[in-house]
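> Marked as domain 'TFIID subunit TAF5 NTD2' by TrEMBL: 84-212. Annotation comment: TrEMBL describes 259-270 as compositional bias 'Acidic residues'. The feature compositional bias 'Basic and acidic residues' is assigned by TrEMBL to 282-293. Annotation source TrEMBL lists repeat 'WD' at 341-382, 414-449, 456-487, 498-539, 540-573, 582-614.
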Amino acid sequence: AAVASSSPGVAAVAAVPPGKGLVSGRASHGVALPGCGVVSCCVFASSFGLSYKLLLYALAVGGAVVVEDQPDVSAVLSAYNQQGDPTLYEEYYSGLKHFIECSLDCHRAELSQLFYPLFVHMYLELVYNQHESEAKSFFERFHGDQECYYQDDLRVLSSLTKKEHMKGNETMLDFRTSKFVLRISRDSYQLLKRHLQEKQNNQIWNIVQEHLYIDIFDGMPRSKQQIDAMVGSLAGEAKREANKAKVFFGLLKEPEFDVPLDDEDEEGENEEGKPKKKKPKKDSVGSKNKKQDPNAPPQNRIPLPELKDSDKLDKVMNMKEAARRVRLGPECLPSICFYTFLNAYQGLTAVDITDDSSMIVGGFADSTVRVWSVTPKKLRSVKTAADLSLIDKESDDVLERIMDEKTASELKILYGHSGPVYGTSFSPDRNYLLSCSEDGTVRLWSLQTFTCLVGYKGHNYPVWDTQFSPYGYYFVSGGHDRVARLWATDHYQPLRIFAGHLADVTCTRFHPNSNYIATGSADRTVRLWDVLNGNCVRIFTGHKGPIHALAFSPNGRFLATGATDGRVLLWDIGHGLMVGELKGHTDTIYALRFSRDGEILASGSMDNTVRLWDAVKAFEDLETDDFTTATGHINLPENSQDLLLGTYMTKSTPVVHLHFTRRNLLLAAGAYSSQ
């Protein structure tokens, strides 16, 4: 659905007629997608109460919401009207706390999950009913008991001390509109229910029924360690249903074409038997992807742009490079080449490197985008129209002739944004560059002319990240308005809006088959979205801080995520389960990248280190039996130290970006900080 908004307060949601969903690369006759009709709904909001973000969230949760005037925002809060005696709240809470702490070990860990959501709702209920002194005393008495990873949320909560503060406060409204999810075994739940009914503790029982979603499972209760691995997000854990949908995580079949003989290249290496040498290489390339991956999506599930001749040439180059690729492993670690941005007083905020490692781009806080050539070949612009008309279009080197030598330089600066640039992404064919900024726009730049071609306006707030699809044409952006948007380069409106996160979308990544998009958010969850229909097909909880890095394994089966909590979590996409945790970094992880064949995972962090992890070992012997999948009981081995292959310190340079070249050399980038 496309959201057009005239002012932050008023949003209208337009319907997309069925079949007018994603449009193919050829604008003239688009390929329509089946079943992309969106129910039309209109949303009106008073320009004070409910913010634009909440509207999008409300749409995600419940379809059409009509909010006509301020009192109706109170309807969202009205559940807090059924109040008990304010002086007894502390007694209720401490009574429950005493009961849980005295229960059997096997139940205690599970029931302890209730402390935080109950604490928040009881506090908000007191504030809403204007018992300010009781609320303050309740907060002071019990806020120290909450888990350390809720500190940031509690800081926001402590500033809500009057009923007026609650209107229009997003954190507050999120807590109200999304039920906090707890996963508890049936035995523990029965125990809790019996206790609350015996005590006639209706206040707490009302909150449990009104505001919490208890996902009950049969079987053994989970241990403290199992629970700790999965909790910590803004809305509790994901419901088990959320991760049950089928995901086509396999790779698409590569198109087959002949690899032309490159004479000079071969002569240098092998005087005789040129064709012989080339034949097997071609076969191996073809045969690798001849079999259709059983987990792959249908080839035409979403329309992808057709390969141009230049793309085919690039693929051939890629295959040649791949033939010389170093096979990495615990015994053979990659060399790391670190690009340090010195004197980056403009404030380096984003980096990207082209797939063939020929160019590097930096986004800066002074709103510029700077592109460098990292090969001896300088960057050149196309000649002016007058000069181009003089060129012989038929000549073999026409692509060389159209470039203007007078413009050759190592660095090009692109001006256009009016705020810090937070994300940059090169197109796979290296003709275009995307940048997104605090100014709310995503810009598409031509790398032929080094000028801006389009400014995409859809986000009303800062855009934190953007990324091209591995096939080009489509790209994704995510921002402060809590939604991710899917765009096509030739459409100025987004094709899909992915709404569901409860806080900023901080990072975005395309799956290697381009059918799915992963988004990481400040609500401490990672979501996987289906590009075809816009549905959320996976919700991964477990990080204890905002997520800043995502990486899919080259085979498409796994996802690695990094956050401000300094942990790298590994996820099995097919089963929707966490399968590993890599501990070692001491600060936010900003960069994650798998080597070209997926043997090694590299992570880069604000702690000024690059760490290499054994990905093969991390993913082997995964016990994804039916029980684990059904209950989500995961047993994470404490094996971070066995998987860590190396730690590489920089002098004082936080690592912002990592990239494996086609031959598996690891490139890293960051800006030197003197303090």
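Glycine is treated like the rest: Cβ placed from N, Cα and C.
What does the local environment look like for each feature on the list?
Look at the repeat 'WD' (341-382): DSSP puts its residues at 0 helix, 22 strand, 20 coil.
Per-class residue totals from DSSP over the repeat 'WD' (414-449), listed helix then strand then coil: 0 helix, 19 strand, 17 coil.
Counting same-chain residues at least six beyond the ends of the repeat 'WD' (456-487), those with a Cβ under 8 angstroms from any Cβ of the stretch are 3, 5, 8, 22, 25, 52-53, 56-57, 304-305, 419, 422-429, 432, 434-444, 493-499, 501-510, 512, 514, 517, 519, 521, 529, 531.
Beyond the ends of the repeat 'WD' (498-539), by six or more residues, the same chain brings 21-22, 33, 35-36, 56-57, 59-60, 174, 178, 232-235, 238, 242-243, 245, 247-252, 296-297, 301-302, 304, 464-471, 474, 476-480, 482-486, 545-552, 554-556, 559, 561, 563, 571, 573, 576 to within a C-beta distance below 8 angstroms of the stretch.
Break the repeat 'WD' (540-573) down by DSSP state and the numbers are 0 helix, 20 strand, 14 coil.
Residues of the same chain lying 6 or more positions beyond the ends of the repeat 'WD' (582-614) and with a Cβ under 8 Å from any Cβ of it are 322, 325, 327-330, 333-334, 336, 338, 545, 548-555, 560-564, 566-570, 640, 642-660, 662, 664, 666, 668, 670.
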> What residues elsewhere in the chain lie close to the repeat 'WD' (341-382), defined as a C-beta under 8 angstroms and at least 6 residues from its ends?
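Residues 314, 317-318, 388, 402-405, 407-426, 428, 430, 433, 435, 437, 439, 445, 447-450, 656-657, 659, 661-662, 665, 667, 669-672 contact the repeat 'WD' (341-382) from elsewhere in the chain.
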> Provide the three-state DSSP residue tally for the repeat 'WD' (456-487): helix first, then strand, then coil.
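Grouping H, G, I as helix and E, B as strand yields 0 helix, 19 strand, 13 coil.
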> If I take every residue in the repeat 'WD' (414-449) and average their pLDDT values, what number comes out?
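Result for the repeat 'WD' (414-449): average pLDDT 95.
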